[in-house]
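Enquirer: TrEMBL lists these features:
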- N7, E392: Mg(2+) binding site (BINDING)
- K14, H215, L216, G217, N218, G219, D290, M291, R292, G338, I339, G340, E341, N342: ATP binding site (BINDING)
- R98: substrate binding site (BINDING)
- D155: active site, proton donor/acceptor (ACT_SITE)
- H187: site 'Transition state stabilizer' (SITE)
- R248: site 'Transition state stabilizer' (SITE)
Amino acid sequence: MKVLVLNCGSSSVKYQLIETSLEQIEANADVVIAKGSVDRIGTGSAVHTFQPAGRAKVTESGEILEHREALTQIVRMLTHAEKGVIASPGEIDAVGHRVVHGGEKFTASALATPEAIAAVEACVPLAPLHNPPNLRGYEAAKRILPDVPHALVFDTAYHQTMPPVSYLYGLPYVLYSRHKIRRYGFHGTSHRFVGWRSRQLLGRPREETRLVTCHLGNGASVCAIDHGRSVDTSMGFTPLEGLLMGTRSGDLDASVVFHVMHEEDLTEHQVTTMLNKHSGLFGLSGVSNDMRELLAEEAKGHERAKLAIDLFCYRLRKYVAAYAGAMGGVDAVIFTGGIGENSPAIRSRSLAGLEFMGLEVDEAKNAAAIGTEADVSAAGARVKTLVIPTNEELIIARDTVRLVAGAENP
Ligand code: AMP
């Protein structure tokens with residue numbers, strides 16, 4: 001089956017065309033036929049980048065007003081006589097959509113029935129910035145490819161197995177029962193993928209593994225996976241909670257918000273922007289939200305770049321230890337995301353001090369593991385340290401195939 005995987009943001013569409021089936025999933029033999037993205041939607045200088053597998057990259061730019069126009073371009077590119085990879089849109093068998101928030105309604109991926117779409121719309125107040133572009137992408141794709149099944153794969157669904165002690169805040173319970181104020185967690189597709197892949201690499205059944213997965217990108221979160229299920233994760237009601245991130249503060253005493261609003265005479269919007277866009281690595285360092293730049297500045301002696309990196313690693317170390325404690329032990333710690341996959345320094349600095357738990361990194365193996373799957377544990381370490389590049393698109397394509405086939409989603 002050829003599945004078109006779509007990830008629609010407010011001004012971008014990322015996509016992949018993936019050939020997969022129940023048999024290919026079993027054999028881990030799915031094939032990426034092409035991938036690409038359309039960025040700067042809504043401007044006169046939108047950029048469409050198309051990468052057919054094994055062939056040269058194609059880049060086009062022009063005016064693209066909204067998501068439907070972007071998707072029309074994508075299908076045109078996929079079916080282009082010379083540049084394309086399929087003869088007609090009829091070769092696309094199904095579409096898999098990334099959706100950020102599925103609330104408590106979605107505990108797994110789902111086919112996009114009218115009821116399911118209404119339920120995603122009902123989650124818009126929980127994710128006002130993310131669900132609307134996801135829905136716009138779905139509406140556009142449904143118009144362009146009306147005769148194939150569409151599936152919805154949620155960032156939150158994987159964390160719906162968290163127990164109440166993990167997902168509730170210490171607030172009046174009525175806020176949960178009335179307004180569903182609770183921790184949802186995000187990056188679920190990524191944590192699920194690296195969790196699955198690590199069990200394959202370790203050759204262990206899900207019943208016998210306790211994992212801590214660290215998705216470290218511009219947004220960052222940690223997940224405790226026990227028996228293949230998420231039992232805790234560091235992002236909460238929104239992606240603001242938890243680790244220090246590129247521009248987000250992560251964990252914070254809520255009283256700071258009111259104090260700062262009062263002292264600096266800030267509006268709700270200004271303080272939300274401050275916490276989400278001007279904090280984290282960027283706010284602390286005053287230099288950049290990009291870990292590569294921060295590491296380069298630190299090497300030149302920039303003190304606040306060093307402070308920001310140290311805080312990032314320290315908070316991650318606390319979460320790794322806390323989640324091992326929450327599960328009563330841990331068998332492997334997995335690093336993924338732009339920083340987790342590519343920065344040996346951050347991996348090793350974050351785990352330093354956790355030798356008492358059996359975590360020990362082999363520095364040579366760690367230094368060599370950049371953007372590739374690798375076991376970077378020291379010989380004899382009781383707890384494995386793995387690097388696994390994430391692949392959210394693959395999970396979306398596979399869930400779509402299983403839903404269409406009526407097979408169970410693991
Ligand atoms: P993502 O959001 O997963 O694309 O990750 C983006 C983050 O990964 C940015 O902070 C980048 O600086 C970081 N990153 C990418 N490559 C490297 C690298 N080689 N070393 C350190 N950080 C990196």
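Positions of Cβ are set from backbone N, Cα and C atoms, glycine also.
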Enquirer: Return only the integer: C-alpha distance in Å from H187 (site 'Transition state stabilizer') to D155 (active site, proton donor/acceptor).
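Expert: Approximately 5 Å lies between the Cα of H187 (site 'Transition state stabilizer') and that of D155 (active site, proton donor/acceptor).
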Enquirer: What count of other C-beta atoms do you get within 10 angstroms of the C-beta of R98 (substrate binding site), across all chains shown?
Expert: 22
Enquirer: May I ask for the distance between R292 (ATP binding site) and R248 (site 'Transition state stabilizer'), taken between their Cα atoms and rounded to an integer number of Å?
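Expert: R248 (site 'Transition state stabilizer') has its Cα 17 Å from the Cα of R292 (ATP binding site).
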Enquirer: Of the recorded positions listed here (N7, D155, R248, E392), which is spatially closest to D290 (ATP binding site) when Cα positions are compared?
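Expert: It is R248, whose Cα lies nearest.
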Enquirer: Are any of the recorded positions D155, D290, I339, E341 near ligand 1, with a Cβ under 6 Å from it, and if so which?
Expert: D290, I339
Enquirer: Please state whether DSSP places H187 (site 'Transition state stabilizer') in a helix, a strand or coil.
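Expert: It is coil.
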Enquirer: Report the member of N7, N218 (the binding-site residues) whose C-beta atom has the most other C-beta atoms within 10 angstroms.
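Expert: Neighbour-count leader: N7.
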